[in-house]
Every structure is written in C-alpha cells, then in structure tokens.
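Participant: According to TrEMBL, the feature transmembrane segment maps to 15-33. The annotation domain 'Sulfotransferase' is assigned in TrEMBL to 77-313. Taken from TrEMBL, the feature active site, for sulfotransferase activity applies to K84. Here TrEMBL flags R172, S180, W327 as 3'-phosphoadenylyl sulfate binding site.
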Amino acid sequence: MTTETAFRIEKKNPTVQGICLVIVVCVTVGYLIDGDRKSFVASAQPVQLIKPKENADDAGQCSSSKRHPTYQCLPTSLLIGVQKGGTGELILWLGSHPKIHFDPREVRYFQTEQLERWGTYVRRPAFRLSPSEVRGGHITMEKSPGYARLHCRAAPRIQLKMPSAKLIIILRDPAKRAYSGFQHHCGRQRVMQKGDGTVYFKGPSTTLGAKRAPCTAKTFDRLIQKFKRYLIETNRSGTDLVSKWAESNTCFSPHDDYMEDPYHIFSTGFYPAVFSEYWRRFNHSQLLVIFSEEFTAAPKEVLYQIEEYLSLEHASYEAHKNQNGFWVLDGKTGRRSKGNRARYPPANAEAMRFLNEFYRPSVQALMKMLPEHKANFDKWLIEPH
Ligand SMILES: Nc1ncnc2c1ncn2[C@@H]1O[C@H](COP(=O)(O)OS(=O)(=O)O)[C@@H](OP(=O)(O)O)[C@H]1O
C-alpha cells in the first residue's frame, strides 16, 4: 500500500482512521514507558534491552539509543575453534542462514593480552541488527579460533562478560590438524630454514641468513625431528603433558604471539586442555562439540545440529561437491570457500604415525571427558594416515 493510497483510505473511512489513531497512541505510550531505557521494541520475542555499560551484559542481549534506530546485539554464540578445524568454511555456511549475522573477521576480543574497551566490542558493525531483525529473532555470532588455543585467557573473560554464551567448537583429528597448521603457517612464510637444513618458526630470534622453507612433507619431517628432540631433552611424552594439564590446569601455550611458542602447531591439538577450562566454567549444555570430519562429509547435517542448538529454524543450503571433494555453497558465498584452493602435498606416513601416537593419550583423555563422542575419537586413533 503506497502512502498516497493509505492517505486516501484514511480520509474516506473513519473506522480505519480510528484504528490508525489507536496504533499511534499505543506505540507512543510504549515508547514513553520504555523511555528511561532510551529504546523501544514491539517484540514477539523476549528481547532484553540493556545500556551498553561495563559488566552488565550477556550473550544475545541487545542495546539501542535514541540516536540510532538500530540495535547492537552481543553474539548469542561464539565459534571458539579449533584453528584448521574448518571454522572458515563453517562461518560461510552459518552466515548464509537468514537469521544469523556472522562477523566475517576473526574478532579475537577475548584472547588479546590487553583487553580493548568493551564498548568497541559491543558496538561492532557486524553486531548491528534492525528492529525488525531483533523482533524476528535474528542473532549475531563471531568466530575466533584463538579462544580455544588461548583458553586460559579467553574462557574466564567470556564467562565474565557473556556467561550465557553458547559455545561451539569444531574438532579435527589432531595429527591432521597439526599438518594443516604447518601448511597454513608455511604458506604465510613463517617457516624458515637455515643453510644446514634446520627448520624453525619465524620469531623474535629469527637469524639473519635464514630463508623461507619450502612447504613440503620433507620440511614437516624436519620440524617433527626437532620436536622429538625437544621432547627428549625436556623429558616429556604425550602422557606427561596431558597429566600436567590435568593437575595444574594451566595453559600449555600462554603466548599471544604464535611464534614465541615454537611448537604451537602441535600443542593446539591437545584438546583436553581447551575443554578443561571451558568445561569447568560453563554449564555443559552451553558447549556444542562438532567434528571437522563430519562437516566435510555431510555439512548440512552438521548445520542442522547447530541450528537446533541455537533454536533456529532450518535453512536450505544449496551446495555442490567441488573438484577437491569438498561440499561448497553455490553462488557468491561459495566462491570464498577454502575448499576451492589448491591442495598441498600429503605428509609422509611416518610423520603422521608419530603424531598419531603422540596424541593418543590426549585423545583418550578427551574420550573420558566426552564419552558421547567416543566413535569420533576412535576413528582418530585407528584410522591409518
Ligand atoms: N567444506 C569444506 N570446505 C573447505 N574446507 C573444509 C571444508 N570442510 C572442512 N574443511 C577444512 O577446513 C580446514 C581449514 O580450517 P579453518 O578454516 O578452521 O582454518 S583457519 O583456522 O581459519 O585458518 C581445511 O584444512 P586443510 O585442507 O588441511 O587446509 C579443510 O580441511
């Protein structure tokens, strides 16, 4: 109905005119009642409105001010990792859900060494929803795989600021994750090689004369050899490391900067550490564990699982299997998929066998924490690489 038609009806029909007057009065009264909150929402959903101030917020809450007709809605859910688990692809799929507004960037707010002001997080453009979106039950989300790796820092902060957050973690076979992590960093020119063949991560101690290492299975083997030497020198085994966490509940990798931790590609795969921190602090119903292997094989089923967890209706996802064997969304979103990238060479079987054994105690510890996922963990333990 155009404004002109509406105006004509109003002029001709006194009943319609009366109805319009009642609506105007109701809306105005509603606005005045809620005036002290500087906001008004005629919502079918129970939306909690808050003033953007320190410590008074929680996941999924929306705030607004008279100056802005939109709402700033804190994420209902956070995708906390793990790095190389398929988080990038997952946000493409979740972001294509009509009611999910995903921050396309890694926000990393809760993991940074110096917390930025809370207001800058609350006011992120990606967390902005229109009044009709708020009424329609739309939600915001963000992903930061560092929240898993830097769990000691991130978990308490998330608990403090957004205690009801729904946390999602996508896990991947830690041995495959480690090799994928190596390729990730190597492709970004962070793996260096000296003239004598020594391989290491570029960091504060990078020596002059070192050059970028080739991203091959052989370079990965060299890194594994170095890691093995480190484990022998420090008298550590996978079992020792797992029990160390269980006892002290400390961060294995407390550094903000990856490169200060030369073995971060291996330590990130110690999932029980991540879990103990989130498990201890959050209601277990707030943690959804999904698997990279399942997401790769049947993404729609994993998406339905997440939709149910977030109490959202199922969306339809149009996807096709690409030349790399990945399910990729059709259209514009799908073109951004990492699944379309050129594949890297496979790791050598011996390196993967070592990692498989190295992670065994950690996977077994995880199995005890999450027995309902035993079948997934069993595959990591027995699958030949
Ligand atoms: N459908 C689909 N399409 C593309 N990629 C898929 C998909 N499902 C899972 N994966 C796996 O995602 C791995 C990349 O993980 P992340 O996106 O978490 O990496 S990152 O941490 O954001 O850098 C990437 O790992 P690598 O292939 O080893 O690089 C993929 O195996």
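Cβ atoms are placed via backbone N, Cα and C, with glycine included.
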Participant: Could you state, as a whole number of Å, the largest distance between Cα atoms of any two of R172, S180, W327, the listed 3'-phosphoadenylyl sulfate binders?
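Facilitator: Looking at R172, S180, W327 as a set, their Cα atoms extend up to 18 Å apart.
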Participant: Once near-sequence residues are set aside, which residues in the chain of W327 (3'-phosphoadenylyl sulfate binding site), 6 or more away, have Cβ atoms under 8 Å from its Cβ?
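Facilitator: In sequence order, the residues whose Cβ lies under 8 Å from that of W327 (3'-phosphoadenylyl sulfate binding site) (at least 6 apart) are T296, A298, P299, K300, A319, H320, K321, G339.
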Participant: Cα-Cα separation of the residue listed as 'active site, for sulfotransferase activity' and S180 (3'-phosphoadenylyl sulfate binding site), in Å?
Facilitator: 6
Participant: Kindly assign S180 (3'-phosphoadenylyl sulfate binding site) to one of the three DSSP-derived states: helix, strand or coil.
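Facilitator: Note: S180 (3'-phosphoadenylyl sulfate binding site) is helical by DSSP.
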